[in-house]
Amino acid sequence: MKKHNFNAGPSILPREVIEKTAQAVLDFNGSGLSIMEISHRAKDFQPVVDEAVALFKELLNIPEGYSVLFLGGGASLEFCMIPFNFLEKKAAYLNTGVWAKKAMKEAKAFGEVVEVASSAEATYTYIPKDYTVPADADYFHVTTNNTIYGTELHEDLDSPVPMIADMSSDIFSRPIDVSKYICIYGGAQKNLAPAGVTFVIVKNDAVGKVSRYIPTMLNYQTHIDGGSMFNTPPVLPIYAALQTLRWIKANGGVAEMQKRAKEKADMLYAEIDRNKMFRGTVTDKADRSYMNICFVMNDEYKELEADFMKFATERGMVGIKGHRSVGGFRASCYNAMPKESVQALIDCMQEFEKLH
Ligand code: PLP
């Protein structure tokens, strides 16, 4: 039976990315060695990093003066590296979910943290809009897509101070005005690569302004200077990332990714809104994520939740269980998700409705 992979992350990758990576695992560039067996300093590997960096810059229209880094540690390590490198006195954070809160927690160890707004009281079912960012903050941190709660900023915000964004789960799903940010980071395991590599886009002249000592590995300058090769980088995930970047380019770039994402999300939200058995969890429709679509059974059908899960699983749906803090269902529709899979889930919802 065909499987439809709605996992939130690690998640679906384009089939050709998996095939090309598998080929390199067996035989990298006809060398007779696996990509897992070669030095990151091998002459054949440097072009992989160089092309990945160049494609990042091209696809996201990154201005001059920024570096693209491939590091380890996940987005979670960036939660601490960000304040280590950029927080001198005060930082502003928008609390839109678990990941934003974790980022904020780390920052508190380095200076004053202003939570400009929070939707915690409503289980993060919307993104706050009414707040002021202090003009004397070193930066304003946002999570552009809240993977767990299914809310998303569809456009770059305006801010009186430079922004920093966790784009773990929506990178490459829309054009970004990178010039508004001094740093954009994320774990790659949604729209880019298998787990194991963290991408960081950092403005070179924003680094080196804090007065504290920064341990070598946690200092962005180390990785800018080392071209992501200060220590052994995650070679295999970087190779897979390059294949995804090529795939995005060949498929029309981020504007096309955005168009497809909106089309898929519109289809599924339309069914959630139409079907008497389900409702979306996000209260402000403008905040509905295109990447993670969260929904629950309506109150009168609540006891059928496990039945629907079984029904959908039997029809090939994978990974639609909602996060434990939200419950219900979450259909993650990243770039590689085909429209046919979204339609298969919609068909499931319609068939299930007919049975009740
Ligand atoms: N930020 C967001 C928005 C996420 O969705 C996740 C993981 O799902 C993380 C951060 C944590 O990423 P990592 O597991 O790479 O540390």
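Cβ coordinates come from backbone N, Cα and C, glycine included.
Looking at the domain 'Aminotransferase class V' (5-345) alone, the prediction's average pLDDT is 97. The annotation domain 'Aminotransferase class V' is assigned in TrEMBL to 5-345.
Residues annotated as L-glutamate binding site in TrEMBL: Arg41. Arg41 (L-glutamate binding site) falls outside any helix or strand according to DSSP and counts as coil. Remark: Arg41 (L-glutamate binding site) has Met229 as non-local neighbours, by Cβ distance under 8 Å and separation of at least 6 in sequence.
For Ala75 (pyridoxal 5'-phosphate binding site), the same-chain residues lying six or more positions away in sequence with a CB closer than 8 A to its CB are Trp99, Asp166, Ser168, Tyr185, Gly186, Gly187, Thr198. Taken from TrEMBL, the feature pyridoxal 5'-phosphate binding site applies to Ala75, Ser76, Trp99, Thr147, Asp166, Gln189, Asn231, Thr232.
Around Lys190 (N6-(pyridoxal phosphate)lysine), a 10 Å sphere centred on its CB holds 30 further CB atoms from the protein chains shown. Annotation source TrEMBL lists N6-(pyridoxal phosphate)lysine at Lys190.
Following the DSSP three-state reduction, the secondary structure of Thr232 (pyridoxal 5'-phosphate binding site) is coil.
Among the recorded positions Trp99, Lys190, Asn231, Thr232, residues whose Cβ is positioned under 6 Å from ligand 1 are identified as Trp99. Asp166 (pyridoxal 5'-phosphate binding site) falls within a strand segment according to DSSP. Using a 10 Å radius centred on the Cβ of Thr232 (pyridoxal 5'-phosphate binding site) and all shown protein chains, the other Cβ atoms total 10.
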